[in-house]
Amino acid sequence: MRTLRWLLLPLVTGIHPECKIFQQVVKEEALCSEHNESASPDVKGCARDWDGLTCWPRATFGEVVKIPCPRFFEEFTSTHGFLQRNCTQEEYWSEPFPPYTIACGFDEGSSKGPEDQKSYYSAFWRVYTAGYAASMTSLITALIVFAAFRKFHCTRNYIHMHLFVSFILRAVAVFTKDAVLFADETMDHCLMSTVACKAAVAFFQFSILANFFWLLIEGIYLQTLLLLTFVSNKKFVWWFIFTGWGAPTAVMFAWVLTRIHQQNTGCWDDDENGVVLWIIKGPILLTVLINFIIFINVIRILVHKLKSQEGGGSHSSHFVRLAKSTLLLIPLFGVHYIVFAFFPESTGLEARLYIELGLGSFQGFVVALLYCFSNAEVQTELKKQLCKWQHQEYLTFSHRHGALSRETSPVNYVTQLSLLDKISPKRRTSVLQDGVTTV
């Protein structure tokens, strides 16, 4: 029985663990022990018993107790079976029959063992670590490019830079969370409840919120450009910054306070309380829905502008370039969240891992690619700077080579000897004596 229990745990405590099932088992065990302690000792029969996976109620001698399989088996199998135990005359419970593996449809042989699970999650960890590292490197490079060239100092790129920072924070949050939760392999992270791990999870949630809010700012800015032809961009910059960072901060403040007072358990990475969960989910889902509305409206406006005379001119290509990047990011980063938003966190756990950690780890790289490295203006400016550096290097090399040539030429050597002869009388006398001797 204990073997089966620990075989199940790796399935729900992966790299980014879903400890809900483990915590549920621990809670049910505590409730079973509590009921057993409060029961009257005078009652004859088999006492309430915890077999490692479920709690069996008190029974009289010879009674056969039948209960359904524990609910958490639904995460691994669609079988809804029943278990039975007999209370013997010796006041001992018999072994469950049929066994859990048969009654509940969980085949130990077909499932991955602990070593296989460890290898699987280790490979997965390497993939998303590489993804976040690539994203972080590309985003920092893009930030340096936008900051180094004054030509790119404009409202549009300022918004891009804040979006870059939000994705950099996300990568840092993932690395921090992994370092805190999995620094000690001997410690069960499902039972960890330290200030450090709670702060790491809160920081991670904040970075996710910042991602979605700054993506919303990108959509709102695009909508503003298309609707308001004559507008001072600087007028909106501070409102964008206040919304992009202020809103996630306010949401996190409310979430942390609610966690402390209502669900201060574990590392704050469980979703047992739906109200607490939706403090985070609600605003994110709202930003995705608003962006979807903007997505539809921007397409409508662009089509109208491009068909009319108003859509022509130099501004049309600028709008289209910005629209291509933003309109690609809105569905790319929002569809999966809508799909999973209304399902329990345990539903499609493996698919969530692939999408949110595997593919999600490369989102920052995609953002840097769309808004910076694939931008024709950025490419042109980088080429100019590269040519400038090459030209400066060539001039420096030519100057050094020319100076070295002048220093080593025969004419220059004779000139140096003449100057030396004029300065040193002794050398002049020595040369004359050598000449007489030679003659």
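Backbone N, Cα and C define each Cβ position, glycine as well.
Curation plays no part in TrEMBL annotations; they are all automatic predictions.
As annotated by TrEMBL, signal peptide applies to 1-17.
The annotation domain 'G-protein coupled receptors family 2 profile 1' is assigned in TrEMBL to 31-108.
According to TrEMBL, the feature domain 'G-protein coupled receptors family 2 profile 2' maps to 124-375.
Tertiary proximity for the transmembrane segment (130-149) is limited to same-chain residues at least six positions away from its ends with a CB under 8 Å from its CB atoms, namely 157, 160-161, 164-165, 167-168, 170-172, 174-175, 358, 360-365, 367-369, 371-373, 378, 381-382, 385. The transmembrane segment feature in TrEMBL is assigned to 130-149 (among others).
A Cβ distance under 8 Å defines the sequence-distant neighbours of the transmembrane segment (161-183), meaning residues of its chain 6+ beyond its ends; these are 15-17, 125, 128-129, 132-133, 135-136, 139-140, 142-143, 146-147, 189, 192, 194, 196-197, 200-201, 203-204, 206-208, 210-211, 213-215, 217-218, 240-241, 244-245, 267, 361, 363-364, 367-368, 371. According to TrEMBL, the feature transmembrane segment maps to 161-183 (among others).
Positions annotated as transmembrane segment by TrEMBL: 203-229 (among others). Long-range Cβ contacts of the transmembrane segment (203-229) within its own chain (Cβ-Cβ under 8 Å, at least 6 residues beyond either end) map to 155-156, 159-160, 162-163, 166-167, 169-170, 172-174, 176-177, 236, 240, 243-245, 247-249, 251-252, 255, 280, 283-284, 287-288, 290-291, 294-295, 297-298, 301-302, 305, 319, 322-323, 326, 329-330, 333-334, 337, 363.
Remote same-chain residues near the transmembrane segment (236-258) are listed as 155, 158-159, 162, 166, 202, 205-206, 209-210, 213-214, 217, 220-221, 224, 275-276, 279-280, 283 (criterion: CB distance under 8 Å, separation of at least six residues from the stretch ends). Feature annotation from TrEMBL assigns transmembrane segment to 236-258 (among others).
Taken from TrEMBL, the feature transmembrane segment applies to 278-302 (among others).
According to TrEMBL, the feature transmembrane segment maps to 322-343 (among others).
Annotation source TrEMBL lists transmembrane segment at 355-374 (among others). Away from its own ends, the transmembrane segment (355-374) comes close to residues 15-16, 124, 127-132, 134-136, 138-139, 141-142, 145-146, 160, 163-164, 167-168, 170-171, 174, 211, 324-325, 328-329, 332-333, 336, 340 of its chain (Cβ-Cβ under 8 Å, at least six residues beyond either end).
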